[in-house]
Amino acid sequence: MRGSKAEGKQGRFIASEPDFPSGEELAALLGAPPIEFNNFSLCHFHNLESVIIAFSFRYAQPIYGYIVPFLLIITIIANTLIVVVLSKRHMRTPTNVVLMVMALSDMFTLLFPAPWLFYMYTFGNHYKPLSPVAACYLWRTMNEVMPALFHTASIWLTLALAVQRYIYVCHAPVARTWCTMPRVIKCVTWIYVLATLHQSTRFIDVVYTSTNVTWNGQPDVTVCKTSMARWVTDIVTLDVYYTVYYCFRVVFVHSVPCVSLVVLNVLLYRAMRAAQLRRKELFKANRKSESKRIRDSNCTTLMLIVVVTVFLAVEIPLAVVTVLHIISSSITEILDYSIANVLVLFMNFFIIVSYPINFAIYCGMSRQFRETFKELFIRGTVVTRRNGGSSRYSLVNGPRTCTNETVL
């Protein structure tokens, strides 16, 4: 990785070590929303100097200090309602399990850094040194590592959801074997295990120590000095560690999931269009029950296409900037970081905005979700509606009917 200059006034990132440009810079652009980078952390005193704010505070203050807290409240309410509705007995299906865990992952992605957003931005403590050492470790864990873990899991869960729907639509006989509840639960578990392993080294790759500096005219102010752990610098080496970590992230967290989701979305759309043509033929032949079943399946497919499209709309721009940043850091400088920092800020913001949108999609496109929601929070009781003797329905069975998921 090429060396970088500390151009704080232009918004450039400052490396943790003199010969280490990739760590802070890559972390700044490759992390998970909402804030997977050291944006303004004064707990980092590199060579007894405060870290320069990594992006324009003019934008960060209103967005993360005032708008994001409002979005946090909306996200907690919306995603909690999703979990409550989908956890009801008659809503427990393989598809809904994935949707429920996705809602939890998105909520925790924003919930963990929330206290630091309030402290730094809302309450205006961004300029103050952070201490003691425990607070610096908490800052890194809650503001960087945990959001990255949950957002990585959310990305892979979205991919799992699209793959599952593709199997339902294009390989229906296989769905009864592969898309069962035990297999889906096992898949979700493995996703979280792998996401945790991906972030596991980040819990221990940085060491904070206390030191005293003169700050704001005050002598002997205790601050945290950061350095890379010895196992990183002496055994693995910085270049190898961050090259492996971020290459894995670029390939398996950004590029492969996004490309796969685009392909699956196209395949699902084509399958839906073909099913619509078949439905018209069945309707003309007065085979209404089969026509109705195809309509329900199409409603399911359409809703998941919308969910995946919203996801791609906010994730692809960040993936593009991520790749450009890798090129800029390792091959040739092509990014203006004063612009890139602001772009990343707004990309993270729009990802946060997307978190509660799924609730609106479910309410607008799933009759069963709306009915269960009304029974729970408006009428006060849940009435299990049975269809053909079965009481298990999927959220994604269409906006007008409640077809059992096993027939999809």
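Glycine too: its Cβ is placed from the backbone N, Cα and C atoms.
Just so you know, TrEMBL annotations never went through curation; they're auto-generated.
Annotated in TrEMBL:
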DOMAIN    78-362  domain 'G-protein coupled receptors family 1 profile'
TRANSMEM  63-86  transmembrane segment
TRANSMEM  98-121  transmembrane segment
TRANSMEM  148-168  transmembrane segment
TRANSMEM  180-198  transmembrane segment
TRANSMEM  243-269  transmembrane segment
TRANSMEM  302-327  transmembrane segment
TRANSMEM  339-364  transmembrane segment
Open item on the list: At a C-beta cut-off of under 8 Å, are there same-chain residues at least 6 beyond the transmembrane segment (63-86) that contact it? List them, or none.
Closed with: 34-35, 92, 96-97, 99-100, 103-104, 106-107, 110-111, 114, 117-118, 120-122, 124, 345-346, 349, 352-353, 355-356, 358-360, 362, 369, 372-373, 376-377, 395
Open item on the list: At a threshold of under 8 Å on Cβ distances, which of 98-121, 148-168, 339-364 pairs most often with the transmembrane segment (243-269)?
Closed with: 148-168
Task: Contacting positions for the transmembrane segment (148-168) when only residues 6+ beyond its ends and CB under 8 Å are counted - done: 31-33, 36, 94-95, 98-99, 101-102, 105-106, 108-109, 112, 174-175, 178-179, 184, 187-188, 191-192, 194-196, 198-199, 202, 253, 257, 260-261, 264-265, 267-268, 297, 300-301, 304, 307-308, 311, 315, 396, 408
Task: For the domain 'G-protein coupled receptors family 1 profile' (78-362), the mean pLDDT of the predicted model - done: 88
